[in-house]
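**Student:** What follows is a structure written as structure tokens; I'll ask about it next.
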Amino acid sequence: MEAKPSKKDLYTSYLLINPKEASLFDIFSVLFSRNVKKRKFIESSLEELESFLYRLLIVISALIQKFLLKLSMPMAMIGRTIVFLLNFFYINGGFFGLIRNIMQVRVVIPDKKAATYLSFVGFTDTRMELDINIKYGNAMYYPALSIMACKAAYNNAAYNQALIEGQWKMEFLGYKDYWNDFLGRADTQVVMFRDKSVDHDTIVVCFRGTQPFNSEDWCSDVDLSWYEFPHIGKVHSGFLKALGMQNNAGWAQQVDHDSAHPPRRAPLAYYDIRDTLRYLLQQNPEAKFIVTGHSLGGALAILFPGILFYHDEELLLERMEGVYTFGQPRVGDEAFGQYMEENFRKNRIEYYRYVYCNDMVPRIPSDGLFKHFGTCVYYNSQYQASIVEEEPYKNYLSIWGSIDMRRNAIYELIRSFIMLTKYGADYKEGWPLFFIRIFGLMIPGIPAHCAQDYVNSTRLGSLRHLHLHPFHHKKNRS
């Protein structure tokens, strides 16, 4: 019988933070001792952490995670209640429509699996139509299509199918739940569809982002845990696990079905998507594909080609057009960024990381270890675009940025009242987003993470002065 690989066979080093059972004393003691082996909530191949700043960041991360986990159940209950009530009023025609239906004894109870059932994110931006002014061949075509797909991915499978087939007139390829070996449940969602016409055939892979009322999703965003792989660098552990890393086999070329515990009740994201793309691309030699995601989905979207590079998947790398992420958190260290940029250049794959204004998620985890890479397209609160190496106030807890972020949150709240008048009905902001903007006065950066401003950015932001590559097939690139 073949021996199971040890951790050293799977990765060269690691640091895993699990604050669930840790006491506050145990967490704060990290500040006064470099020996991480003594800490019960830290599992690591390292004996010591020399940097006091890095240990401080671990303490902050652990405290935030512990706080979020304490709120896990009430957050989930509040979220389910809010989403149900929003759908209840929506499907009954609003408050007055509900009163009418009660009087006529025909109140409609929303069905969570129906195409009309929206998520909380869906209610913050109900737009369904693609921008008719951004057509295939335009430099903004892929980004505009991608952010609309990212927004749709927060809703259920029936919604996505109805939208893609009915509204967009594209081919729906599926909406799947994927397994996380380390959590023992399916917690990653991906929608795939095909935009095909006489002049192009593009498959879109879209990873669903952070659920607003899911504390574990937010914990992943602020976690500082990592695995280090030879010749690649350190990579965020939570995102790797969500993408489909195997508990006992790491990133083996194939799925180990025998050692999974508990037994998998859904496929692993990376492997299933890879195999699906292989099949589709072999059916049509002209077909290409792009990968996209918002928030947590953006992290998974950029890691997907990273594992393709690791496995040297020639067919997929040859046919990948680009990666487009929105509000993406940091996913790896500087060495990983260099590894990714080198492979993007080698395979002529475009990667654009879109950041709207003071969005807090691209500014976490802290850049004490994790670093951004690639081309950052930054939009300010007036939707003016620029190419920057790093978004302003690159760490969310920036002392210098706190005043400016709050001042900007006030501006965005005021702006919400004039969007309809200035830009038309497509830019009207509803009540859910209005309350999020109110909340943003206390914690700025949360409203800026909503899909609404990213959709607005792709539609209203001027790109005339930017050096973005207009879309063209890889075989025509020089």
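Backbone N, Cα and C define each Cβ position, glycine as well.
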**Student:** Using TrEMBL as the reference, determine which range in 47-68, 289-310 is annotated transmembrane segment.
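**Tutor:** Of the candidate stretches, TrEMBL labels 289-310 as transmembrane segment.
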**Student:** Identify the transmembrane segment range according to TrEMBL, selecting from 81-99, 157-175.
**Tutor:** 81-99
**Student:** Please give the average pLDDT for the domain 'Fungal lipase-type' (204-366) in this predicted model.
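**Tutor:** Taking every residue of the domain 'Fungal lipase-type' (204-366) together, the mean pLDDT is 94.
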